[in-house]
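Here the structure comes first, spelled out in structure tokens, and everything after it is commentary.
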Ligand code: ATP
Ligand code: MG
């Protein structure tokens, strides 16, 4: 056996080894948090390549978040040497879908240079479509958008949605859905959910395409399988139908995306669809102390279970779990920040050893202020998206129009940015003219007939704009696309436009820096190792298009600009923390209506909230601190809070309360006071 893989296997327990070595049929690893499921996947990739001689090109490993995919890639990268890993796919489900779409553009009836609409673009299109009949408000648009997304995740196409609509509302949504799909196609665009839906529909209908992809992917590995939705499961099933060679790993207790269409039942369906399925359970946890694990087990025992699993650990009990009750939310944030400040020195920890998890992003705001006050570096996941900034959206619209002139959304966004004196009246006439001829706005600008509809001056202005864009497109096709894009931004003096519109010169400066950062990222994405890319034979424009799609997708998936592994405290929602681990974890806001969330209590989905708390608790390796506030501002008023029911469900003997009058043991309090003094003394040397 290859010595390096033998060594890796030796580091695993017998059950894990069994899961890695089993390659003859479908395999499901079902196990609790921290039991080494992801480790099985990464080792198995190395095993397939180094021991079974499978080409890395034929292996696809998928997971849900970019962060998780990146971590997995890193772990695999440490095991595979040199060319061994070339062509390996380790990605999110959506990136795999994007690659399939790019490989099958023609079969799918798309033109090269398609646009990927982010949820905001999609919303803008829906707003247009819905406003045609009557004025609708934001709430209605959101409702239809999530209904459409649900249909797509459940693989319900517009025709079926129309025939099965249960009431007027659904019927209306189904009609919008039908128009939405038609318009997306006309724009040569796809949305986020299409990245899974389109490949599935294609593979179902087209045996040749199916055969092509089955030849390409021989082995699939899926992490966090409990969170797959119907379409994602079908994608795996279709690709693996013939060979049935795959490994999926999951934990039904960590299913936290039901609200986005995830179907934990997929765990059971798998057994029905693949009767030869081998199920392996792992029970040893290598992540957390005994106390943390006991709490997690006790909490989740309150949920009904399909598969029983008990986790144990050899790590020893470790410190008790602290529960800190604070006067109000500000005191809670202050406490967390000030504690990390002292603990870092006292416990010789690094900033990156700490993570603060919470239910909703809004909880991070106060904490951020406190962290800034203590000058603690932090990284906020899921903050304001880089791509939702106006200057970045403008630039992206230019890029989209350059690669896909049929993208009317992009055209409308920038035809007058910077100002070109092309008014709404002109655009309306142009739109009518284009619709009559089933043409895109950009194409319509080139038509001679337009002169009869519009004043000469307006036609000239439109002509200047399209001529300008055509020039850039030509240069991109001829050679250095990135240089052409940089020159375009300079030629139209986008910077001057930013200065005109900013409240202060520093603001404009920062905005322009964002634009250049976007182009730099695009360049990086374009020049990445072509071996990594499934379509390395593409032309320059195709390459730019692919690079742009990758950037947009990355943003949708993680809503953050840069990858960053510097030493910072991590602030994350519990949802975003899945699969990750940290030595010290703070879980904030353990109050009724927050965790479990008010909506969940109202609609009776507390079990999913309990799983969410389970995910949060099991991220901690050495210490876990739970905090809550007695009062919190919500809906504009100061409300009294009730401690979360989940606190009552944790084993009382493992908790150390602070600030709760009836539980506070005076002796303990005194002892803690002494501890604190001793701690401070040692701190001061
Ligand atoms: P989650 O459910 O949270 O995604 P997981 O089951 O995927 O967890 P991993 O992240 O693979 O668990 O592993 C948890 C930790 O245990 C990691 O730090 C990993 O390196 C370590 N680990 C896994 N297997 C072993 C083993 N056999 N011996 C020692 N450490 C291990
Ligand atoms: Mg994992």
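In case you wondered, yes, glycine gets a Cβ from its N, Cα and C as well.
Since this is a predicted model, take the numbers as computed values, not measurements.
Sequence annotations record features per position, and here TrEMBL assigns ATP binding site to 31, 32, 33, 34, 35, 36, 37, 38, 287. In the three-state DSSP scheme, residue 287 (ATP binding site) falls into the coil class. All protein chains shown were included, and the count of other CB atoms within 10 Å of the CB of residue 287 (ATP binding site) stands at 20.
The compositional bias 'Basic and acidic residues' annotation in TrEMBL covers 657-675.
Taken together, the residues in the domain 'UvrD-like helicase ATP-binding' (10-289) have a mean pLDDT of 90 on the 0 to 100 scale. Residues or ranges marked as domain 'UvrD-like helicase ATP-binding' by TrEMBL: 10-289.
According to TrEMBL, the domain 'UvrD-like helicase C-terminal' annotation covers 290-579.
Positions annotated as region 'Disordered' by TrEMBL: 657-685.
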Where the C-beta lies under 6 angstroms from ligand 2, the matching binding-site residues among 31, 33, 35, 37, 287: 37
For residue 37 (ATP binding site): DSSP state (helix, strand, coil): helix
Residue 33 (ATP binding site): tally of other CB atoms within 10 A of its CB: 24
For residue 35 (ATP binding site): intrachain residues, at least 6 apart, with Cβ closer than 8 Å: 282, 283, 284, 285, 286, 311
Span of the ATP site, taken as the largest CA to CA distance across 31, 32, 33, 34, 35, 36, 37, 38, 287 (Å, rounded to a whole number): 13
Check: same-chain CB within 8 A of ATP site center, minus 31, 32, 33, 34, 35, 36, 37, 38, 287: 39, 251, 282, 285, 286, 311
Cβ-Cβ neighbours of residue 31 (ATP binding site) (radius 10 Å): 26
